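Listed features, source TrEMBL:
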| type | residues | note |
| --- | --- | --- |
| ACT_SITE | LYS488 | active site, proton acceptor |
| MOD_RES | LYS488 | N6-(pyridoxal phosphate)lysine |
| BINDING | ARG585, MET760 | substrate binding site |
| DOMAIN | 690-814 | domain 'Alanine racemase C-terminal' |
| ACT_SITE | TYR711 | active site, proton acceptor |
Amino acid sequence: MSKGDTYTVEQVAEIVQGKGFFCIKEAVIKNLVIDSRTLSNVNNALFFAIKAQRNGHQFINSAYQNGIRNFVVSEDVDHTKYPETNWIKVDDVLSSLQQLAAYHRSVHQLEVIGITGSNGKTIVKEWLYQLLSTDNNVVRSPKSYNSQIGVPLSVWQINNGHNLGIFEAGISTVGEMKQLATVIQPSIGILTNIREAHDEGFKDKKEKLKEKLQLFEGVETLVYSPAHIADGVMLPGKRKFTWSFNQEADLQVLEVSTDKTNTILKAKYADKDIEATIPFTDAAAIENTVICWSTLLAMGYDAKQAAFRLAKLVKVGMRLQLINGIDNCSLIDDSYSADISSLSIALDFLNQQNQHPKRTLILSDLHETGKSANELYQEISLLLKQKKINRLIGIGEQIAAHQELFDLEKSFFNNTADFLAHVSQQSFNNETILVKGARKFGFELVVKRLAQKVHDTVLEVNLNALLSNLQFYKSKLSTGVKTMAMVKAFSYGSGSFEIANLLQYHKVDYLAVAYVDEGIALRKAGISLPIMVMSPEPSAFDAMLRYNLEPEIYSLEVLRSFLHFLPEEVTDFPIHIKLDTGMHRLGFEPQQIEELTVLLDKEKLKVVSIFTHLVATDDKQHDEFTKLQVSKYEKMYETLATSLTYRPIRHVLNTSGVSRWPNYQFDMVRVGIGLYGFDAALAEGELQTVATLKTTVSQIKQLQPNETVGYGRRGVLPNGGQIATVKIGYADGYSRSFGNGVGKMLVDGKLVPTVGSICMDMCMLDVTGIDVKVGDEVIVFNEQHRIVDLAREIHTIPYEILTNVSQRVKRVYYYE
Ligand SMILES: *Cc1c(COP(=O)(O)O)cnc(C)c1O
């Protein structure tokens with residue numbers, strides 16, 4: 001075995017300069033694991049107990065239960081509790097992960113491209129992979145793994161078969177890049193660009209630039225645009241390759257001409273006129289292709305070869321898509337990348353979604369440099385076992401040839417056409433199906449066949465944005481404060497079990513819904529988190545018991561009838577007590593607390609929490625009232641708690657409360673609208689946009705001057721013009737108040753007004769002068785055309801716009 005192929009745990013201890021405690025010091029390490037839930041091959045896994053948002057040491061037990069026997073830790077652990085294990089004790093676990101990866105990198109001789117910059121890192125990486133993998137064995141970062149943890153895990157994938165690595169590095173504050181540079185050790189550096197956005201961690205643009213440039217300390221060649229460089233900053237790299245749209249550069253783009261689908265780029269390079277045609281038209285794609293173009297030229301490809309390859313670039317679909325499938329299935333479409341690391345990520349996502357009892361994978365042939373087909377499919381087989389996949393449909397001659405390696409319900413086809421021809425004999429029922437295949441297998445046809453036909457109006461939900469909003473609020477909490485996620489009203493219109501499954505996986509502590517039905521739906525979809533029900537109707541008490549749902553008790557009547565209902569044998573049933581401190585909606589008032597303490601049956605009930613709702617956490621004007629509410633709450637809480645022998649969880653804050661009242665976090669907070677991207681207490685841009693509502697054009701009409709549009713002849717174009725009828729109406733949640741020009745939508749990137757009244761299932765837009773045809777996409781709201789603006793137009797609040805989107809509008813979930 002050659003150097004750097006495998007390591008024993010003893011060697012790893014030496015490399016990271018840790019203190020070893022070994023049972024079996026020859027144990028072989030192949031996989032590095034940082035999350036006890038995302039296990040791959042546990043036999044050769046090494047778990048790093050990293051201290052980040054959570055302390056990884058808390059998960060040692062669960063990693064051990066899952067079969068892991070090798071650990072890197074910084075705290076003292078009682079080894080006797082874990083038989084047959086190996087331990088490496090270090091000062092800082094994250095640093096040792098980076099050290100190990102840096103060592104692994106340094107024992108491999110290969111060309112390495114390192115990419116950093118404000119935008120475009122992942123796209124440039126993926127496009128360079130497309131451009132360079134025809135004549136190289138390339139290893140690259142999976143997805144957008146570019147963090148302090150993601151980079152070492154990416155670099156760890158290098159093996160002796162690779163001759164080219166492409167890795168991206170992302171940082172958020174000063175001091176981080178130095179670490180990543182020692183791990184990546186690039187020979188070619190690419191600075192994509194430097195933007196003002198996300199400047200939080202940096203004093204100014206110059207500081208940010210200097211920090212990013214540290215990645216390139218040792219490079220041979222640096223590819224960049226002079227436009228992104230600040231005066232007086234020293235540039236690393238023996239050789240520079242510059243590109244520009246408006247000044248002299250090695251690759252100077254002189255002309256950009258775009259038609260409907262392509263862009264022709266004319267440029268000057270080495271005193272010659274050269275040209276490339278690319279199948280994209282948007283500005284970001286054009287910039288990213290110019291960066292790739294420069295890199296190819298800098299690497300010595302001639303202009304003709306570079307143009308030939310650029311013409312074949314395809315769009316990078318980074319996102320997993322979760323949609324409704326036929327026969328009560330959920331479908332996860334990840335038919336873009338097909339390597340084992342992205343398979344592993346997709347399988348984890350599959351495992352988060354618990355709504356169906358059965359998990360099916362449709363997988364094409366894969367290819368992995370440096371591994372024989374036998375090794376590869378053996379590894380996949382193990383992975384499927386660990387990720388608890390129930391059924392495999394393999395498509396491709398290679399996977400079919402290795403079918404005996406798979407020990408689960410299985411069927412195989414030689415190609416996609418063969419599968420489609422026999423799909424009706426494959427029964428699908430109540431399953432989550434992951435579709436994953438190399439591009440040449442054309443799995444989009446498989447997705448099309450298995451997806452429920454989608455009504456042309458869809459609400460797209462960006463799950464990464466939702467998670468990043470969750471992290472934003474979690475980062476504001478003092479240690480130990482729990483999070484209750486409000487998922488009432490179909491998660492504010494954004495979905496139901498899909499969101500709850502994600503929140504459960506990412507460890508919120510509690511969920512809350514408005515009605516018992518909503519809670520039951522979550523339980524049926526595999527949600528095991530505790531769930532509070534805010535309006536527990538007596539007719540559903542029985543169901544609450546059966547589904548283990550916890551009622552909010554807000555009045556003496558509810559308490560009496562619940563006690564009356566509770567069967568004799570039940571003890572310690574969890575309830576939550578709501579206090580009214582000024583909202584005057586639901587809850588006990590101060591003068592009722594006495595009676596409440598008497599009535600509370602200490603045997604049968606367990607008061608899990610006592611809470612109140614604040615009426616104006618986002619509004620400075622009412623800050624005195626907010627303080628008054630909290631002091632009332634505290635008094636009432638103490639009276640109640642004294643009558644119990646324990647102290648129930650205290651919670652008062654909603655979204656804006658978390659942003660504005662850090663002193664009132666108590667034991668838990670209840671975050672709702674913030675998860676979905678809105679918080680009246682925050683400045684623009686602090687949260688990410690989660691929802692995009694899209695529809696399509698059904699028909700285009702030309703109008704003469706003064707012809708009218710729609711019911712009651714309320715719409716008129718005085719000078720005539722062009723209108724588009726689109727497939728969204730008030731029954732979809734697009735309020736009638738948006739009619740007659742009040743509302744606007746984005747067509748071909750331009751805002752256009754409605755004409756006439758909004759109908760039940762459709763409405764009309766004035767698209768005079770706009771290049772639009774039947775079937776084109778129309779944006780009702782998204783990141784640019786924001787829900788807050790729509791809300792303002794019709795004098796309401798984002799909550800209403802979002803929750804109004806009706807259930808007949810299909811939800812599609814994206815995950816990157
Ligand atoms: C809906 C709700 C919340 C969440 O409020 P947001 O403003 O959406 O964060 C918190 N507490 C109670 C009782 C609620 O009903």
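Just so you know, glycine gets a Cβ as well, placed from its N, Cα and C.
Not measured: the values here are computed from a predicted model.
What TrEMBL annotates, mapped onto the structure for a quick look.
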residue: LYS488; record: active site, proton acceptor; Cβ neighbours (10 Å): 18
residue: ARG585; record: substrate binding site; Cβ neighbours (10 Å): 10
residue: TYR711; record: active site, proton acceptor; Cβ neighbours (10 Å): 12
residue: MET760; record: substrate binding site; Cβ neighbours (10 Å): 10
Which one is it: of the recorded positions ARG585, TYR711, MET760, whose Cα lies the shortest distance from the Cα of LYS488 (active site, proton acceptor)?
ARG585
In whole Å, note down how far the CA of TYR711 (active site, proton acceptor) lies from the CA of MET760 (substrate binding site).
11
Mean of pLDDT values spanning the domain 'Alanine racemase C-terminal' (690-814):
94
How do the residues of the domain 'Alanine racemase C-terminal' (690-814) split into helix, strand and coil according to DSSP?
23 helix, 47 strand, 55 coil
How big is the gap, in Å, between the Cα of TYR711 (active site, proton acceptor) and that of ARG585 (substrate binding site), rounded to a whole number?
40
